[in-house]
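According to TrEMBL, the feature active site, for GATase activity maps to C2. Residues or ranges marked as L-glutamine binding site in TrEMBL: D97. Annotation comment: TrEMBL describes L256, I288, S363, G364 as ATP binding site. Annotation comment: TrEMBL describes 2-191 as domain 'Glutamine amidotransferase type-2'. Taken from TrEMBL, the feature site 'Important for beta-aspartyl-AMP intermediate formation' applies to E365.
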Amino acid sequence: MCGIWALFGSDDCLSVQCLSAMKIAHRGPDAFRFENVNGYTNCCFGFHRLAVVDPLFGMQPIRVKKYPYLWLCYDGEIYNHKKMQQHFEFEYQTKVDGEIILHLYDKGGIEQTICMLDGVFAFVLLDTANKKVFLGRDTYGVRPLFKAMTEDGFLAVCSEAKGLVTLKHSATPFLKVEPFLPGHYEVLDLKPNGKVASVEMVKYHHCRDEPLHALYDNVEKLFPGFEIETVKNNLRILFNNAVKKRLMTDRRIGCLLSGGLDSSLVAATLLKQLKEAQVQYPLQTFAIGMEDSPDLLAARKVADHIGSEHYEVLFNSEEGIQALDEVIFSLETYDITTVRASVGMYLISKYIRKNTDSVVIFSGEGSDELTQGYIYFHKAPSPEKAEEESERLLRELYLFDVLRADRTTAAHGLELRVPFLDHRFSSYYLSLPPEMRIPKNGIEKHLLRETFEDSNLIPKEILWRPKEAFSDGITSVKNSWFKILQEYVEHQVDDAMMANAAQKFPFNTPKTKEGYYYRQVFERHYPGRADWLSHYWMPKWINATDPSARTLTHYKSAVKA
């Protein structure tokens, strides 16, 4: 995890513009570099480094002797870089995983390059010999990327939007900043004056398709067919592999553990893989909640079962409320469920950075979208409709859960790794017949639970633990985070403000006091940028006015039971 920033064709003084790059310094607390491009006085790169791989030669932009005309700035991890290097017999100059991008690009061009990358990434690649600039982002947008481009060809890119909003450009008083779409790359022409012109924007990968790099990986051969035992075996192979390849780091690994199904499977598999890799330190696992919250109790059971070095982080309602402002600033969104769920993750990340030496943090993000884990999937009219919804949620992860997971951890200089969004694992899961993936016997994620039924990886009661609304998991059903927030905003937003909400916020008008409050905070930090969020996250197939699982009848009956 790093912070990348680049400008092409800036009219303003670069030494002033580069102050904007400091807005993302949290993404790379270990080192910073600002570098002009030879021959282009108005083009430059900024880079904040979190040294996770190759501490000696890992600074960016990456340039190697063999390709003096190539400049690469990227944030991410390319898990198959050694495999690609060996297969194509590339001569490396560094131990940096991203160097593979330069070699693959020289060999086969941008499309071949990006399809071969097994990992998470956002990059800017400059080719001064062919006068091209390329931007690219991984399939699910696990690594963030924002861009601003003007009609006269000024281009600015950054890991987070906050690094672009204060940039100056003579022809445009208000610079339009937007997220770069996941699963895409863009080709731009570089003009002699440093300005650019977009040539094409290409969608290079659909989450359902097996990635091209699968031809070169070393996963044991999967069995064909959709017999349940075959499918379960294949899923175990791919999930193990998804965790194993993510061990690539020179820093200590930890794991978030809520005691839910997803984080428990990740933590248990991770600990097993660390032992096999003969890593010398114990795995640190981290849970957060208010005293006696269901999540803390469940996480404790899992940690005892797997034998991790477990940490419990307690917070109270005042600390949660106080964190809202900085959480919304970090997130760059006012989406209700995202803000709600981010507070706990932000506070636990703060604790990890301050009190431990774990830097690379695993978590269970992406599973709910992939394996139909949200409670409203019980209401899906058909397996095909559930499949459509699952794919929609995966396409939009970069606006919601993946955004939350990245920003809350990156705010404290931590790097998140998410095995459930592994290309091979997710594309295989999505290739299964729709009826195999739906909730069964009133239990969501039935197939995933069944897959690990006989593994003894995690306690049985955790394997079959129903999904908690996040606000209930970290607190208690009697006094949930949801309820605490409602009581707080009731005193911050009055009925007159709500009556005027449509006039004040015509786009994505907040319908609740909580939504109004978050929007107010967001507008204070990012005035006029509400279009970064195209729509609020809401459950489907029910008449929902609030995204919380607490409002769903299926959930209410489960809580009462």
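Any Cβ shown, glycine's included, is placed from N, Cα and C.
Note that TrEMBL annotation is computational and uncurated.
For D97 (L-glutamine binding site), the nearest of the binding-site residues L256, I288, S363 in terms of C-alpha separation is S363.
Looking at the residues that bind ATP per the record, L256, I288, S363, G364, the two CA atoms farthest apart are separated by 15 Å. If you draw a 10 Å sphere around the CB of the residue listed as 'L-glutamine binding site', it holds 25 other CB atoms from the protein chains shown. Separating the Cα atoms of S363 (ATP binding site) and C2 (active site, for GATase activity) is a whole-number distance of 18 Å.
The two recorded residues, G364 (ATP binding site) and C2 (active site, for GATase activity), have Cα atoms 21 Å apart. Contacts of E365 (site 'Important for beta-aspartyl-AMP intermediate formation') defined by a Cβ separation under 8 A and a same-chain sequence distance of 6+ are given as D262, D401, V402, A405, L416, V418, F420, L421, in order along the sequence. In the structure as shown, the Cβ atom of C2 (active site, for GATase activity) sits within 10 Å of 26 other Cβ atoms. Its own atom aside, the Cβ of I288 (ATP binding site) has 26 Cβ atoms within 10 angstroms in the protein chains shown.
C2 (active site, for GATase activity) is 25 Å away from I288 (ATP binding site) when you measure Cα to Cα. G364 (ATP binding site) counts 23 other C-beta atoms within 10 Å of its own C-beta, drawing on all protein chains shown. Separation of the C-alpha atoms of L256 (ATP binding site) and the residue listed as 'active site, for GATase activity': 20 Å, rounded to the nearest whole number. For the domain 'Glutamine amidotransferase type-2' (2-191), the predicted model reports an average pLDDT of 92.
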